[in-house]
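J.: Swiss-Prot lists 468 with the feature active site, proton acceptor. The annotation Mg(2+) binding site is assigned in Swiss-Prot to 78, 120, 121, 442. If you look up Swiss-Prot, you'll see 119, 191 marked as [2Fe-2S] cluster binding site. Here Swiss-Prot flags 121 as N6-carboxylysine.
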């Protein structure tokens, strides 16, 4: 075992002395050392309770004969980081998390790992680390926040963001917005809709890297602590059987994850993160695969922001096992694959039941015959762009309109909130990609403003940046190549017609090739916005969104 490198033999007496300074006994030195990697902090609602979850994990590890050690990593709250320079650091933190886990694990030679993430970039950051290190590992998240209630209606953070736009449009009073502010987020956990954090926690379960229940058991339920204890016990079984992440995360389990992604209508960020995890694991992935899976996978759920349901509703309906059970009825799930439970997918699904067909539509009565996400290609996005089509109103699935061009999120948001955007417009926000931002910010504030003002049925928004999982409407992101790399989005001018055809998977700039070539010859890329610190280094290393915005090997 790796830990023998720090505790066995005469030459390791100094190492053992330091371990004994921690209170480790001679008996414990004979046992496996288990790293419990978590992202507790007091500034992130999704993480503020993780110490309690971690204590349960450690209890499970000890029960099964291991010695647990906590390893904290950073974690950004995307909601608090939204719409200012802090959002530039969100996606960039994913690579920092993966690298820091690698450093701690290699330096201290753990035998196996339990990962305890919860929010947006922490989950994929830890998944990347798990694939890179390939030590026996299991995930158990902190769990979703319960929905809030305002005037008898279930609500979440997305309602507060949209409320800002509603106030600007005169559709809501400031007093009513304050009510949403006070009650939309009732306590700890990842925000209550099918936003990025919950999407990734559900997909971690779907690909077999977490036990059933990981994605949906509410943060405040004792069942979450029981799951954490069981995960601590299970990692010892994985260690004894030498089952490693790359044994579980294969191309076939990736396809299972994508199928669940389409059925749930997950965040567009899942495409970025699954691509990154697959790259680290050596599993083939390209954007065409997303469309292939989407074409054959029905959309069964419409959770917030696409519909009225929240994560607790999905939990009570049977959770991810119930969704996978529905998909398996049409052969859309590979059931013979290994999971961290020690059982196959099929064995995990044996007793799964869809307890609420209003929350999880039966496979023969889906919301749509195709999945919740689509990849668009065309003259504006030669290497692809992504849209959460399950959150797009029917009248905006196809749309042609004049471009309103902005070189930053702030400029676009100001224009929207001051009434400068009209029905039919296509808002274009560029130079917000992985390199151009740098950091590929989420455009939740402008999309929420449009939705809150009632313009989501008339206005589209296109960007080389990203969107929050809380975004709804005709919001098309990850446009590749990005503007900073001279992609066509950098050539768009005010008033150019843009054609969106989501069913046809097309995104086109209706400008002649001759004109575009002339514009490209005169194009001047803006100077880097940040020239020092971590983001300056990140900008030099990060790849395009269609590759997962990874650091290429």
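For all residues, glycine too, the Cβ spot is worked out from N, Cα and C.
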J.: Residues near the Mg(2+) site, 78, 120, 121, 442 excluded, by Cβ within 8 Å of the Cβ center?
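T.: Apart from the listed residues, the neighbours are 76, 81, 87, 90, 91, 119, 196, 197, 269, 468.
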J.: Cα distance, residue 119 ([2Fe-2S] cluster binding site) to residue 442 (Mg(2+) binding site), nearest Å?
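T.: Here the two Cα atoms are 14 Å apart.
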J.: Measuring Cα to Cα, how many Å separate residue 191 ([2Fe-2S] cluster binding site) from residue 120 (Mg(2+) binding site)?
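T.: Cα-Cα distance, residue 191 ([2Fe-2S] cluster binding site) to residue 120 (Mg(2+) binding site): 10 Å.
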J.: Show which residues of the chain containing residue 119 ([2Fe-2S] cluster binding site), separated from it by at least 6 in sequence, have their CB under 8 Å from its CB.
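T.: 39, 44, 46, 47, 75, 76, 77, 78, 190, 197 - these are the non-local Cβ neighbours of residue 119 ([2Fe-2S] cluster binding site), listed in sequence order.
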J.: Can you check what DSSP calls residue 78 (Mg(2+) binding site), collapsed to helix, strand or coil?
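T.: Where residue 78 (Mg(2+) binding site) sits, the three-state DSSP reduction gives helix.
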J.: If I restrict to non-local contacts, at least six residues apart, and a C-beta distance under 8 angstroms, what lies near residue 120 (Mg(2+) binding site) in its own chain?
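T.: Sequence-distant Cβ neighbours: 76, 78, 90, 195, 196, 197, 200, 269, 469.
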J.: Going by DSSP, is residue 121 (Mg(2+) binding site) part of a helix, a strand, or coil?
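T.: Once the DSSP labels are grouped into three classes, residue 121 (Mg(2+) binding site) ends up as coil.
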